[in-house]
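Pulled from TrEMBL, these are the features on record:
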SIGNAL    1-21  signal peptide
DOMAIN    122-215  domain 'Serine aminopeptidase S33'
DOMAIN    319-387  domain 'Peptidase S9 prolyl oligopeptidase catalytic'
Amino acid sequence: MDFQKVLMAIVGVLASFHVLATDNCWPGVYSDGAVNVAIVQKGLEEGLGFRYLTLDGVFGNTQSESVPFQCQSGFIRLKNGGAVPLELVLLRRTFTTFISEDTQLSGELIEPLNAIQNTYPLVVMVHGSEQEPAIGNSRAMLLAAMGIAVFAYDKRGTGQSAGFYTQNFELLAEDAVAAMRHARSLVTGGVKRAGFWGASQGGWVAPLAATLTPVDFLVVSYGLIASPIEEDLDQMLLEAQEQQLSASQLKQVRRLSKITAKILLSSFNTGFVELEQLRKELKMQLWINKINGEYSGAMLRMSDNDFRRIGHAYFDNLELIWNYESMPVLKKLQVPILWIVAENDREAPVERTLQSLRILKKLNSKLQVYIFPNTDHGMYEYNERPDGSRNKIRITDGYFRLITEWVNQKEQPYSGSGLLDPVN
């Protein structure tokens, strides 16, 4: 390990704490050593304060009147009646590169600073379809502040990693395996236990990676046990339900799904005639303009000429395995699995996944499933606007605590106030 590089990272973190912002907040990780953690990071735009995220899921900007803490010199104080002080937590951050399938990827290992004297669980984060860099992720810092070593890496084609962005689950699983192997070699102390944490699309990738390399546990957040084609159908059916469409209209939605699936699975060689016929039949139907899914709505609304000319390049350019099956992969796993579901997830509708999870619970007694009520994709609580769109309020309380305590093998993975309902 390049200890000089690690030392420089620690010094760099310390130096960043002494750059005083206009709102008197210093960037860093703050904790009371027990149940309260806050991450304060540089904002996305200059002069607009710092971003923050707390262990109980509150996020925002430090210049907002709703910020839940007051900034002091070197610590923050929660506005919770008790005025609890949170002090700076120093973390060891090791920036590194590794090779996966002939491509150089960049990552960061974040450890509690006293990792030399202790062993910690190791979590390798497997991100979703987003193309933003993962290095510097605030969620990784939250876990590290709670005594977990975390490895986050920029996916191929994103951030500081080389290669081309892809959504090929098999290739991304190989990358996750390489990341796990490299993270194990970097950990300063011993590795107590190691596993993947996959969120959203990472819920397809992380379980596959767990079948390719030995792990001790797996965490999946708002992931699906459904193919991308089934996800598209379920999104459209949910949109149809919200519009209160008739049985005959639902039949047309299912017909659309079958046609677009045929096109995708044939690599855009068949299905054009059937889709154009459906376009003509539904041309005067206003409800169809509010049916989107992942791709079917856009395919339907594209003209036949444009679809034939650019459809393949537009809709199928990321090597996605459209009919990917999760169940055979998950049935192979007998390690402890924590699966977390957002009850009102519009992006990843949950009913099909819950049905599969009930089957899997009979095959793996170490599978635990929790559902957070009144949450959308990303575990966000929300307000619904008059037009039906949703405004994110916060990440639901208990979500991060559940993950950190479960990974740390606490006797009670989460002893909250009824926010979670185990699936029996």
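Count begins at 1; order follows the chain as displayed.
Note: Cβ is positioned from N, Cα and C throughout, glycine not excepted.
With DSSP states grouped into helix (H, G, I), strand (E, B) and coil, the domain 'Peptidase S9 prolyl oligopeptidase catalytic' (319-387) comes out at 18 helix, 18 strand, 33 coil. The average pLDDT the prediction assigns to the domain 'Peptidase S9 prolyl oligopeptidase catalytic' (319-387) is 96. Under DSSP, the residues of the domain 'Serine aminopeptidase S33' (122-215) split into helix, strand and coil as follows: 35 helix, 19 strand, 40 coil.
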